[in-house]
């Protein structure tokens, strides 16, 4: 029923400030694509350009195969859910739902039928006569969703729709949105600054920074094979450990040394020669007590080191250890019961990510796993 | 013992309360209640400022209803109120919509349009008298364009000339109020309306106007009460003439009080005006309150 | 504010007959009159507060008179207060209710009836002015000059700024229209005829012959009075208790007003300004127009560009008539220093002061034989002097403001074609029923 969205070569400038720099994005029909990025990265601007409420400087927007770059927002066949809902405060729920239908001169009986159906779907049949001011946050959110749904749009645009909700409600509405997406099988372009939302909801995730896409991929790829330093650091909590490292060729291996930590990687597993200086990254959950390093790792492929626990955050099911390793700060996330004060730690080479200091990823240790068959 | 202390404390508090409230109460009594009561009393008397007021019962009110000039001034006032309020509000709203958007040029325009409101009414009236006089700007334009001559001297035209000045004078004030009201409206509601397929005109009537209702009512209240109370423009521009064509109610009241020394009659007129304005204000504020309750 | 409105003025009864008509208002005023003048021993002393409207030229004369007076009577302090004309009447009314009355006020003659009915003015103190009777006092002035200030055989004010109306006309406009500038119209019929010849519409805008004041109550009375009286009618009865505009004479006068002049024309200085600019070639005005016209247009020179003549008469008139008005020095009944007040007023009637008034400020004090003084040589003063004897100084009515406003309404309605003359006249008479008497 819904169709895809294509953003082609879209550029947006305010005076000399480039907000969006030559963006391309394809959202497939029925796909849920989450755009995530820090504030000011341009993700909302992108969405507003797709919606047609913000003019673009160059490029085109195609929805359902139709070039809508210069079409009125109301003629693009989209439904949008705003961060603060943007409900019509002077109209009751019924009026809010019906506004778009009436603007399109839909027959009265049909309006009634669709309002009733939509109200049922969003569970607000009892509240049709209420004004937005009399509804709870969750109910308003549902009205906003219902207003977007009722016109059976070709695509949905959602601009941080959960960010005004409290934590508990956010979890609940997140589930409702996922369920909604599955039910209507609608194309959704979803903008958020919350990595959890992006990872849990998106079929694919587009990570944006400084008006560009850093990476567009499914959540696993994004997490396992971040394309850039930024993506690696932005997603995951606590954040990935980064250490400056030097590389040196030792026979048919390459040694990667970051302070007291050092790994050797078979040169044949690399895509090419490494620069001398790299940034090595590994996620906190891969920093394990040395005894528990998964068996089967090739010798020398795990770096073992001793660290003093400078800070210990106990979370019940797990603990976050802030380790001081020869002046380097390394964070480890462990199941609470294995966390000890000072043990040798190890980081397996399969969990490494090497980055060019300028940003792009050079190599992911996961490549070794396919080789050993330990993990896929 | 403890009860006694509490009682003493309470009465001390009460005394302090009375002490603190007394100046305000006295002020209210001396400068409001007494003059108001005296006006009510005067309205039942014949009083020429010299001899003592003479009780004549309801004669002033009866005479009021019988006086053709009274009814004439009511008609003139209604024309004045309608002619001042409706066009000013419509024009102000039309101007406020483009001016409420951000932009330096618009900020400058907003200031420019406010200038007349900042000019003292007396000075403004002098300017317009020159504009309207024979050989003045309006006269030259009017004679050739509309065949109108005598903007302030033709009884059929004078009221409209006064109204043009009044609209010019107060337009800026209302524009500023409307701009403030418009800028306070949530912006993304307009974006939602656009996505819902609503075009400018529909959005104006179905989204902007309903949300602006409180500002509209507020401006309406000050505009209507201001217009009913409006004495100065007609007094300064035409002195109520020609042939009393611009003798609005407050001017009729003033003439009776200070030109004709009929203080009792004028007091009765003033009370009538007070009742009308009170009724209007109550009705208008009830509207606003109903709106807030919703 | 403007010199014109200051002078727009006038009102008064013709002689004692008119004054006698006021007696309904004056019953019981006798006590008031008696008590007036002996509030002290007959020695000028103390402080005298004087209120008058702003008039710079006269103020020079007044200040020097004060200095002379103080040389002779050093125990007296004169405190003048100049008040803008539009505020004078209201301020005085308020002061007279409270306890703030001044000792001397310059008052419009047409407002006297109102104050006197309210017993707020004091008659002339005979001891203070050194007269044995009011008749003897009146003999010090030109005949008819005190008529508008005399009520119930008592004199309540002393004239200052005494005026009759004139025909003012533009010699230059007459010459352009082929009329003899030395032969101004003497009849209203001629005025209408000349006015037609003087009306032109050219590049410089419309120019007309005669122009009336359409919005100024005092001028409504000054203009309509000679028209109605000249036909043998009256606007108000002699005793001021009723009106009779709705008479053949009143109606004809209103019709005449509508037949000449253009009520649509306006000027920021009213008719004075139109006359000064030459837009209007003729108007009725007072002697002050000699200097006022020149002050509005420095190219307009009296005797050269424009001139004055006696008020026109109807061709059929048996007797001459004109209108006139005066301002007066008066003393409020509540004044605290009445004797000295009258004493000082009397000093201002001294020939030296009155000559200076005429010479410096153009203000006439009509003491006996004033017109024979060298300073009164001018043609305008001689015409005025001639007109005084037959001029109507208005009928004293306490509700003068209301009456004059209604008269203005009638003129405006007829001139603008809003009502026929007979209807406007009848409406005026109807309105007056509740106001007069």
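Backbone N, Cα and C define each Cβ position, glycine as well.
Heads up, TrEMBL stuff is auto-annotated, nobody curated it.
If you look up TrEMBL, you'll see B:20-41 (among others) marked as transmembrane segment. Proximity of distant same-chain residues to the transmembrane segment (B:20-41), defined by a Cβ-Cβ separation under 8 Å and at least 6 residues beyond the stretch ends, is recorded for 53, 267, 270-271.
Under the heading domain 'ABC transmembrane type-1', TrEMBL lists B:74-284.
The transmembrane segment annotation in TrEMBL covers B:78-99 (among others).
The transmembrane segment feature in TrEMBL is assigned to B:111-131 (among others). Long-range Cβ contacts of the transmembrane segment (B:111-131) within its own chain (Cβ-Cβ under 8 Å, at least 6 residues beyond either end) map to 95, 99, 137-139, 152, 161, 165, 168-173, 175-176, 232-233, 236-237.
Per TrEMBL, transmembrane segment is recorded for B:157-180 (among others). For the transmembrane segment (B:157-180), the residues of the chain that approach it from at least six positions outside its boundaries are 76, 79-80, 83-84, 87-89, 91-93, 95-96, 99-100, 110, 113-119, 121, 124-125, 128, 132, 138, 148, 150-151, 212, 215, 218-219, 223, 226-227, 230, 233-234, 237-238, 241-242, 245-246, judged by C-beta separation under 8 angstroms.
According to TrEMBL, the transmembrane segment annotation covers B:216-237 (among others).
Positions annotated as transmembrane segment by TrEMBL: B:257-280 (among others).
Tertiary proximity for the transmembrane segment (B:78-99) is limited to same-chain residues at least six positions away from its ends with a CB under 8 Å from its CB atoms, namely 106, 109-110, 113, 159-160, 162-163, 166-167, 170-171, 174-175, 177-179, 181-182, 204, 208, 212, 216, 219-220, 223-224, 227-228, 230, 234, 246, 248. Proximity of distant same-chain residues to the transmembrane segment (B:257-280), defined by a Cβ-Cβ separation under 8 Å and at least 6 residues beyond the stretch ends, is recorded for 39-40, 42-50, 53, 56, 60-61, 63-64, 70, 221, 224-225, 228-229, 249-250.
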